[in-house]
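Per Swiss-Prot, ATP binding site is recorded for 10, 11, 12, 13, 14, 15, 16, 17, and the stated evidence type is sequence analysis. The [4Fe-4S] cluster binding site annotation in Swiss-Prot covers 98, 133. The feature ADP-ribosylarginine is assigned by Swiss-Prot to 101, with sequence analysis given as support.
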């Protein structure tokens, strides 16, 4: 099987890193060789696989060593649960420089050091929030990641982010092989959430590849810096991640998405009762004025 490179995008705080690590643990359990490349200055993309607070990042270690050329692959690549390879790109101090540069530097370093040559089945890039700035778009722009999965929920801002990320994919799809592979709904228990995300997926020309229900076992596992798969293999939630893993293994629906306009997105939210019908007469009015 040829190595598949997948990037996970989505609104900040949606649960991308947790979803990615649980998915990767399920893939490893199924016998797949996987590497996670964390593309977020927070460096929290590998903690559940490594049982660590935060892995040392390529950018931190390069700063200590002098340059990235002074690093060895074994300095930055750690192996965790299920023999999953873990790397964190990291970024500059807050308020200084461009964190996206860290992603570019890290991926180039991994390529030069042969990290991708070890007959891997999957590489997952866990990418910061809904920022589609140049650096964070690197896995898409440089044709590193071929499959993009967007973690979403029934909340309005998560859906806005999914639509914006789809626009970013369209921008680079024509020049490279990058495609949208599906939406992963990480449930927030909002009304008619699964129906809403299926409808959004249809508008974007893709699929809701899996609906992950909300379950407190995820938090219990996280407190112990573990994935559900490792912490409680018999939990129903662990089976949800296994099901997602199997769907990704067999997924062949890779599309150039069809992003919608803001009006169309708001229309969809109104259809599902998430947004109220817009009433022009209340715009710009304070609570006191509306009561008057």
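For all residues, glycine too, the Cβ spot is worked out from N, Cα and C.
Remember, predicted model here, so these are calculated numbers, not experimental data.
A count of other CB atoms within 10 A of each Cβ picks out 10 as the most crowded of the binding-site residues 10, 12, 13, 15. Considering only the recorded positions 11, 16, 17, 101, the Cβ with the fewest other Cβ atoms within 10 Å is that of 101. In the three-state DSSP scheme, residue 14 (ATP binding site) is classed as coil. Straight-line distance linking the Cα atoms of residue 17 (ATP binding site) and residue 101 (ADP-ribosylarginine), rounded to a whole number, equals 20 Å. Residue 15 (ATP binding site) sits 23 Å from the residue listed as 'ADP-ribosylarginine', counting Cα to Cα.
In this view, residue 14 (ATP binding site) is surrounded by 26 other Cβ atoms within 10 Å of its Cβ, with every protein chain counted. For residue 101 (ADP-ribosylarginine) paired with residue 16 (ATP binding site), the C-alpha to C-alpha distance reads 21 Å.
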